[in-house]
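Encoded as structure tokens, the structure appears first; notes follow it.
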Amino acid sequence: MLAQITHTLLLALLFVCTFSPAQAEDVAYTRFTVDLGEIVNTDDGLTVLANEQGQVLLRVPAANLELDPNQRVRFRFGGQPPAEIYLLWQPEGAGQLLQHGFVNYGNPTPFIELNTVAGWEGRVEHLQFGFLVAPNAEVTLRDIRISLPRWSDKLSDTVASWLVFRPWIPRDINVYTGTRDFNVGPFPAPVIAAGIALLLACYLLLRRRRARWTVIALLVFCGWLVLDGLWQWRLWQQLEVTRDRYAGVDSERKPLVSEDALIARFAARAAEQINREDARVFIASLSDSDGMRAAYYMSPLNTYWNRRGIELPEKRYLRQGDYILVVGGSRLLYNRGLGLVRLPSGEDVAVHERLVDNVGLLLEVKE
Amino acid sequence: MITLQLLLALLLTVAPAWIWLHRLVPLETPARNWLLAGYSAALGMLATTLIMRLLSVIGLPFSLYSIGAVALLLCAAGLLAPASWRSGPAIVQPRAELPLSRWQYLFIGLCLALLAARLLSLGLELGTRPVTSWDAKQHWTKQARVFFELGAVAPYVSLQQWLELGGSGVYTNMHPDYPIATPLLQAWTATALGSWHESLVNLPWLVIWAATGLVFYSQARLAGASAAVAIGATYMVLSMPYLNIHIALAGYADALMACCYLGAVAALYNWSQQRSAFQLLLALLCGAGCMLIKNEGFYWFLTLFPGILLVLVGIRRGLMVLAVLALLLVLAIWLMPADLEIAGHSLAETRIRYRPDSWLSIYLSFLVHANWHVLAYIALAALAAVPLFARAALPVAAVVVSALLLYLALYLFTKNAVGAVQFTSLNRVALQLMPALGFFSLAVFTLLANRTQGSAKANGAASPAAAG
């Protein structure tokens, strides 16, 4: 009976893979017109130098292209892929240009399912692709393909999503999906759980009262191993990235080579200016992240940081010898000529400028 | 030199707890050394933070010598404590187990190899990267740095109080009411090293991971699981991705809470089966220890009492009492003043109302995302099996169900729902419960497997191999 079930399943799988829906459009673009940016090289794909804002905009010949919500756009980049990708299109007869953007987390072959994009239907008069990179950086595009994906495409995308590695970013402390993108499945946990359930059901149907708990436990364990294998693989790759960055770096220098380097360096310089252990430091920043990190790197000094609150308190709470550390954006008004800072309460306080660079400002309260 | 300092710190942390537990745990207890190792590490870490608080109260600065001296005093007191405090012969007599087969040895070897690989990758990751995670920098590790530099616990007050006091002798952050066990652990590590080290201050998280495994394994053996099943289940719990992330990106308090709550639930289950007094003591100690770690520890501690009640008064009567208590609780919430604070929270602040948006996030977190691999599915199956096939696990089921209901109430009825919708705190709080849920699932499996084996023997059938 098991052999019959297996045989049927295999036939069904073969049928599905072979007789997938016919493709309406499968268009590959390898030649582009550059609207923003400057062509550098066309040998192995198109290498474009972004403008000062980090923008690249390419136009493709798209006359007679039929847009279908079931389509997918896949990009293939060489070298460092862009951080953000934009689609810009103007449907036939529509007066306006439509746009959709998505964040790309280092994937050299990103794709987007267009069923999530409003307005992607009908014939198109005008089609452009925009990429956001670092200012004046280069991006190399090999091709762009618009297609109706087959089951085999979806399967290989799923496997790629489960296997892809991306170095940890701050929000990873909150959630682990097991996929490349947060809200794009299928996700490995329910798939493996379904597989385990199916195997358990087959085993229990076949063995009934002779079923053994050992086998049940082993089936669950094997499913767990599959999932954990993917996870352990990611851990090893992450370790490689971590060691590349920090191995051999002494403790004091680690923040200076981390993602916090700019703020850590600024805080270290500010701390040198403040050579009193009992100094009070008021952190002023509109950015949660900048303010938090500045407060951390100023430790163990006694810091005041009001997250998402009023940046600085009223003047009556400030005294001579206090410090104001401004990082990132701030609503504080600083009159350098007069040596005055206008507090959120509207009061002015006289300050000495102790340190300034493009990360922030350290001011010492005069009175 | 650094290695020696760290080993000495570990010894001073674990040894006092080990000596005292050695006095309490019967000598014939199966897996005794693993049990002592796991609970000594967990309770020892908490005890060390209490020692540091005591030193601050009496005005002595932290140092390897001061903390070491108190630890040695505790060791001496433990050695002098009467051995008659032990709760008599072990009620769980060592089972006459069948010798392990070759396949079982292979399986155990595989699990140990997988655990070693995980320990290596987590240890290298943690020991190489600097403090990384948000809450660590915003709160926990920042506090630890202050404690270390001062050599004492510094009082933390609200922003407004800090302004009123002029910052004199006080510090401030966004959560001044949070317990301080976690930053004290990092301060202790730095104290042992003699200087602040951006990576090594996170070593306690590796100890937490190991302690979680030791507690789980030893209690699993006491619950009747064979060595193979116990090590397999231990590997599964220790390999949960989200737990690993919290070890590698160390600095949050949730992993320590998870370890302590596991210690409490596992001990309570085995007490419910065997009535060994030392298990109840371990459960209460670990449960109380949760309150030293985070504010919600108070609520996790309370969840132990439904289980204790069911054991003491019986299932039927206990369920009736719980139903009455639940009604009284609802009434109390209805009538209590909105500004009355319990464990750092008040009704007014929680803004109670139904928030159905959280359901999707809860579903995704447990059943779709890979945070816990497939543990949530296993736990659901275990919960369904208890009333039908594993009624002996009803007391511990009452504990986990209470905890889950509190968890759901937090994210479905309070302002913390935003932490669910944005996936900021949802998984962190779940992490505190998951190892305990894993143990509960294993306990149910062991009951089912041993029951089937027992039935087979009673029917005179050729007995199948024991579970594992």
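Including glycine, each Cβ sits where the backbone N, Cα and C put it.
According to TrEMBL, the protein has these features:
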TRANSMEM  B:33-55  transmembrane segment
TRANSMEM  B:62-85  transmembrane segment
TRANSMEM  B:105-126  transmembrane segment
TRANSMEM  B:224-243  transmembrane segment
TRANSMEM  B:249-269  transmembrane segment
TRANSMEM  B:276-293  transmembrane segment
TRANSMEM  B:299-315  transmembrane segment
TRANSMEM  B:322-340  transmembrane segment
TRANSMEM  B:360-386  transmembrane segment
TRANSMEM  B:393-414  transmembrane segment
TRANSMEM  B:429-449  transmembrane segment
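The transmembrane segment (B:299-315) makes contact with the transmembrane segment (B:393-414): 3 or more of their CB pairs lie within 8 A, with pairs spaced 6 or more apart in sequence. When Cβ distances are compared across the two stretches, the transmembrane segment (B:224-243) makes no contact with the transmembrane segment (B:393-414), since fewer than 3 pairs at least 6 residues apart fall below 8 angstroms. Sequence-remote contacts of a segment are chain residues at least 6 beyond its ends whose Cβ falls under 8 Å from one of its Cβ atoms, and for the transmembrane segment (B:322-340) they are 306, 309-310, 346-348, 352, 398.
Counting Cβ pairs under 8 Å that are 6 or more residues apart, the transmembrane segment (B:393-414) and the transmembrane segment (B:249-269) reach 3 or more and are in contact.
Spatially, the transmembrane segment (B:276-293) is adjacent to the transmembrane segment (B:249-269); three or more Cβ-Cβ distances between them are under 8 Å for residues at least 6 apart in sequence.
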